[in-house]
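These come from Swiss-Prot:
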- C102-C112: disulfide bond (DISULFID)
- C126-C146: disulfide bond (DISULFID)
- Q31: pyrrolidone carboxylic acid (MOD_RES)
- 84-88: motif 'Secondary area of contact' (MOTIF)
- 1-30: signal peptide (SIGNAL)
- G40: site 'Reactive site' (SITE)
Amino acid sequence: MVGSPRAPLLLLASLIVALALALAVSPAAAQGPRKGRLLGGLMEADVNEEGVQEALSFAVSEFNKRSNDAYQSRVVRVVRARKQVVSGMNYFLDVELGRTTCTKSQANLDSCPFHNQPHLKREKLCSFQVYVVPWMNTINLVKFSCQD
């Protein structure tokens, strides 16, 4: 007696239905979709988080190295901080930078006051993307752009 050619298809369909039912009643499905979380998607980040602070400090340092300005800039305020888990971490930082009275030869940027004279005072809105791979001890400024 030869088996029906539809038997393997029927068995496969039964397995698919059983798997779909099992997934539908699993505890993870019962919790519903997570709001605001997409694997590999952008998430809002706490500005005070250690990783954000490290990325911010690196971004400003690189900005100052690449700038042709005789004076250094530092953060006035962080407008927005986001992060993205990849094979490491991408940080997307929107930052308002202000021109300080410190020249590039001065080391401690944190204690540098901002220029208050109108002809020397400059503020920029900058967007930075910083890529960090902690286990490889690497950090890179992927891209940045600024507007006066």
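Using the three backbone atoms N, Cα and C, a Cβ is placed for every residue, glycine included.
Overlay of Swiss-Prot feature records on the structure.
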residue: G40; record: site 'Reactive site'; DSSP (3 states): coil
residue: C102; record: disulfide bond; DSSP (3 states): strand
residue: C112; record: disulfide bond; DSSP (3 states): coil
residue: C126; record: disulfide bond; DSSP (3 states): strand
residue: C146; record: disulfide bond; DSSP (3 states): strand
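Taking each Cβ in turn and tallying the other Cβ atoms within 10 Å, the top scorer among the disulfide-bonded residues C102, C112, C126, C146 is C102.
Mean predicted confidence for the motif 'Secondary area of contact' (84-88): the pLDDT average there is 96. Counting only residues at least six positions away in the same chain, the Cβ atoms of Q84, V85, V86 sit under 8 Å from the Cβ of G40 (site 'Reactive site').
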